[in-house]
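Worksheet: the structure to be examined is printed underneath.
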Amino acid sequence: MRIVLKLGTSTLTHPTGNLNIRRVEELCKVCSDLKNAGHELVLVSSGAVAMGVGKLSLAERPKDIPGKQAAAAVGQCELMYIYDKLYSQYHHVVAQLLITADDIETPERAKNFHNTLARLLQLRTLPIINENDTVATQELGIGDNDTLAAIVARTIRADLLILFSDIDGLFTADPHSDPAAKLIPVVERLTPEIERLACGAGSKFGTGGMQTKLHAAHIATEAGVPMVIANGAQPAALYDLMDGKPVGTKFLAQEAEA
Ligand SMILES: Nc1ncnc2c1ncn2[C@@H]1O[C@H](COP(=O)(O)OP(=O)(O)O)[C@@H](O)[C@H]1O
Ligand SMILES: N[C@@H](CCC(=O)OP(=O)(O)O)C(=O)O
């Protein structure tokens with residue numbers, strides 16, 4: 001299977017904003033194992049801003065765009081350093097791709113991006129993509145890696161897009177404000193009722209909340225790519241997903257109109 005896995009900031013870091021070492025180590029182990037089993041994997045990883053905040057010892061996540069961009073520039077190095085170190089233990093080679101929406105929407109650039117990614121997969125590397133926060137301020141807006149992951153999944157015709165978050169999936173309401181909220185296991189169609197379930201960002205460091213995840217679901221499912229939102233706290237759930245077992249919320253791919 002060809003899988004695009006998006007890792008949100010809240011999956012990679014503790015609520016303090018510091019790296020969740022146990023989680024990231026587990027994730028790297030499971031992802032390495034999936035690659036060993038023959039699956040093609042592409043990661044879309046957030047976390048650059050949070051890592052930069054830690055590295056620069058800032059008291060909180062910057063609110064202004066240049067502040068976020070500076071933190072991301074520092075944090076992206078740290079993020080890739082950690083991935084490189086951990087994946088090297090399992091003899092996997094990582095590659096960094098920093099892109100913007102423009103890079104995929106402009107035909108010439110999209111071709112270049114696609115060619116690079118295809119060759120990296122052929123070379124059995126693990127491509128790790130993040131938004132190029134230094135220049136991307138309008139198209140995707142900083143923090144919308146959910147949309148970016150969906151665009152990537154569409155571009156490489158992935159078999160599955162997985163968004164790992166700090167929550168088990170899409171609920172009937174935000175469980176952080178409504179304890180009676182129930183998990184929705186399958187979404188067959190993105191109706192206006194489903195859209196209304198998404199509120200803003202839930203965690204201190206995550207930015208998109210459910211809105212950007214539903215936007216991603218639109219892009220992916222319309223392109224024929226099914227999408228799952230699952231809790232990144234259990235990286236081993238990836239094995240169940242590969243076995244076709246129900247995990248989190250699955251958004252079914254939409255059939256093309258005849
Ligand atoms: N209907 C909903 N179901 C589940 N989560 C929701 C819903 N509406 C809003 N949320 C919020 O979205 C958050 C996940 O988004 P976010 O904090 O941006 O995480 P990530 O860093 O993984 O992208 C959840 O923690 C939750 O508080
Ligand atoms: N490109 C940014 C994404 C920021 C962000 O928080 O995204 P997410 O956790 O996916 O809501 C970064 O790497 O920090």
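Each Cβ is built from the backbone N, Cα and C atoms, and glycine gets one as well.
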Out of SER10, SER32, SER46, which one does TrEMBL list together with ASP133, ASN145 for substrate?
SER46
Going by DSSP, is ASP133 (substrate binding site) sitting in a helix, a strand, or coil?
coil
In whole Å, how far is MET210 (ATP binding site) from SER46 (substrate binding site) when you measure between their Cα atoms?
15
Limited to the domain 'Aspartate/glutamate/uridylate kinase' (1-231), I'd like the whole-number average of pLDDT.
91
Using CB under 6 Å from any atom of ligand 1, narrow the binding-site residues LYS6, ASP133, ASN145, MET210, THR212 to the ones that qualify.
MET210
Give the three-state DSSP assignment (helix, strand or coil) for THR212 (ATP binding site).
helix
Cβ under 6 Å from ligand 2: qualifying binding-site residues of SER46, ASP166, THR212:
SER46
